């Protein structure tokens with residue numbers, strides 16, 4: 001059997017071309033994911049710097065000023081220091097749970113960013129169940145904290161993990177009910193559709209005005225989910241040393257702080273999406289209709305404007321969260337659970353009943 005040399009060369013070149021196309025497709029698929037991770041990392045570094053500067057201003061201190069201009073590299077310096085610190089494992093603890101816990105806490109929160117729209121059609125995955133996906137994924141993070149506390153073989157760590165699980169369960173139910181209300185207002189559980197439903201009348205079309213009680217409950221519940229003061233009982237240093245992270249050191253210790261700030265950022269982004277109109281400009285359509293369409297005209301320019309508007313609203317909520325930390329004292333555990341089960345849950349159920357009743361009557 002005689003095989004033509006040119007045919008073999010054509011087959012080889014075709015197979016190389018197909019391999020190159022597959023490689024190019026994989027790289028192109030990874031570009032948006034890596035870009036999102038890079039943006040999230042920069043956002044977390046900015047939050048850490050803002051928290052230190054705002055905290056210093058409230059307490060009349062100077063704050064970070066030596067690591068880079070205005071101290072903007074301080075968080076990067078702290079992270080580098082933690083990377084090179086020794087990783088200590090408890091001798092009688094469960095090593096597997098101890099090592100897996102921080103990773104579960106970080107990864108579960110990172111997955112939530114996949115359904116957040118940062119601008120007009122700038123979303124990693126526009127799913128029809130976007131809001132419910134966030135609720136489902138965010139409920140996995142406390143499991144990682146509970147695993148960390150149990151694997152540490154330390155009673156303070158285990159109590160901190162149990163507190164984190166109890167707190168998460170208590171405040172996830174009001175969050176879920178409020179998300180259901182927003183879905184009923186926009187007739188969709190897609191985050192993009194929820195933003196589009198608020199876009200007609202500028203800031204007058206925000207769900208903030210249609211659901212002021214829901215916004216108030218969502219604000220408190222998101223702070224409790226992020227374990228921010230006055231709801232930081234899982235790591236109350238006066239009672240539990242450092243809670244579930246007492247036995248940790250090095251980069252694993254740093255992962256808990258990364259998870260905390262990631263959760264704070266994703267909660268702020270969801271407040272922006274669900275109640276503050278997302279990427280849409282706040283000027284009412286009837287006043288300046290040209291500005292209303294500004295984020296749909298010109299792909300790069302419109303996307304940039306949309307990202308800027310989204311981040312401006314997000315960091316406004318972050319400022320409120322940071323200022324709250326230095327304004328209110330920490331609650332007791334019984335006060336925290338009473339607030340969740342006896343106040344916020346009935347308030348959310350009543351709000352859901354009123355909203356559904358008004359929608360049924362308007363049909």
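Including glycine, each Cβ sits where the backbone N, Cα and C put it.
Just so you know, TrEMBL annotations never went through curation; they're auto-generated.
Note on TrEMBL: of 232-254, 255-277, the range annotated with the feature transmembrane segment is 255-277. Looking at 57-76, 77-96, 97-116, the range tied to transmembrane segment in TrEMBL is 97-116. Range with TrEMBL annotation transmembrane segment, chosen from 128-147, 148-167, is 128-147.
Long-range contacts of the transmembrane segment (128-147) within the same chain: residues 97-98, 100-105, 108-109, 111-112, 114-115, 160-162, 164-165, 167-169, 172, 175-176, 179, 182-183, 188-192, 194, 225, 234, 244, 259, 263, 266, 270, 274, each at least 6 residues beyond the stretch ends and with a Cβ under 8 Å from a Cβ of the stretch.
For the transmembrane segment (255-277), the list of distant contacts is 40, 43-44, 47-48, 102-103, 105-106, 109-110, 112-113, 116-117, 131, 134, 138, 141, 144, 148, 178-179, 182, 191, 194-195, 198-199, 202-203, 205-208, 211, 214-215, 218-219, 222-223, 225-228, 244-245, 248, 310, 313-315, 317-318, 321: same-chain residues at least six beyond its ends, Cβ to Cβ under 8 Å. Under 8 Å from some Cβ of the transmembrane segment (297-322) lie the Cβ atoms of residues 43, 46-47, 50-51, 54-55, 117-120, 122, 219, 223, 226, 228, 264-265, 268-269, 271-272, 276-282, all in the same chain and six or more residues away from its ends. Listed by sequence, the residues of this chain that lie at least six past the ends of the transmembrane segment (97-116) yet keep a Cβ under 8 A from its Cβ atoms are 36-37, 40, 89-90, 123-127, 130-131, 133-134, 137-138, 140-141, 143-152, 191, 244, 247-248, 252, 255-256, 258-259, 262-263, 266, 269-270, 273.
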